[in-house]
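According to TrEMBL, the protein has these features:
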TRANSMEM  52-71  transmembrane segment
TRANSMEM  92-113  transmembrane segment
TRANSMEM  133-161  transmembrane segment
TRANSMEM  173-203  transmembrane segment
TRANSMEM  209-228  transmembrane segment
TRANSMEM  240-261  transmembrane segment
TRANSMEM  301-324  transmembrane segment
Amino acid sequence: MSSLNKISICLLLLALALSGCIVSGGTMTVQPACQAGAVSPGFEGVWLSWQALSILAASTVFLIAAFVYAVGHALTHKKVTMWAKTQMEEAALAMAITIFVIGLVSFLCTFDLKTLGISTACTGAECNIVETAFNYLFSLYNTIMSGFLVVAGMNAVMASWATMSIGKAPGGVGIIITPLAVLGDIASSLTMAMVILMTSAIVTLTQMVLLKMTESLFVILFPIGVLLRSFGITRGFGGGLIALAVGFFVFYPLLVVLFYGSLVGEIQTTYGSMADSFKEGGLSPTTASWSLNPIDWVVRFVGPVIMGAIFMPLIMFMILVSFVKGLSHTLGEEVDVSNLTRLI
């Protein structure tokens, strides 16, 4: 293991021991970033402590780099001058990030999605990105579990009916008829449907847990990343942590809102202009009427489940992985997300 990796690991372990964790009675509690539509007091208190440390580190790096820059300029040493200039720019950026963190988190915790024209069922503080995303996933989860209970009930009834028999066979001789035996095949199909629905529910529940987990991990990853990015030797690693924190705390909830909001019907889109274009071109009438009375409820249930539990998570995580890789490369060094890609 290289010396850089050893230093990075030691700093990470030290930071984990000191950052947003409150230890009491043998338990460790991580404070969430948002609480009741505002910045969590726990996060604000933790960050104020980290803010002073981060500014001190960045200021120290800036002053040392400025001194080296002055010496290099006096000696007309271009490489030293360029290195010192880069270090000063990075230190200034670290201080800027440190100063504006509370404002950024406050904006995310209190930002009302209705200002973007997104029609949501929530009101006030509950309309921030994280809470809205969680509510959308919770709505889909309830839909899936309701369907699971219906399918489980139908499976039990059909399996019971499939074993009903008519006739007698005393001594093993006689005629016994099972007129509803074909329902056994249907019950087997419903059993497979139950497995699929339960898997879909687990996928949706996992995303709900991930939302809450990343909200708490942001308190740990972001301060560590800002501090480590202040030093040249750990700048790449710190930038990677910042990218992970921002990607999962900011970008991932936004993806959930945009994708699942349209799925559960909270985001309404009108296609009036498109319909008028179709009408003028003679390609399609302005309105279309679909009559699926016998299977309408099945179509309305199966479609959202397939989209919400299979296709949407796949597309979302592909976008999220690309975002984290790009941002981490910009802030420091590209994060290896191959394990996350394999999971997808």
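Any Cβ shown, glycine's included, is placed from N, Cα and C.
The transmembrane segment (209-228) makes contact with the transmembrane segment (92-113), as judged by at least three Cβ pairs under 8 Å among residues 6 or more apart in sequence. With respect to Cβ pairs under 8 Å, the transmembrane segment (92-113) is most closely packed against 52-71, considering the stretches 52-71, 133-161, 240-261.
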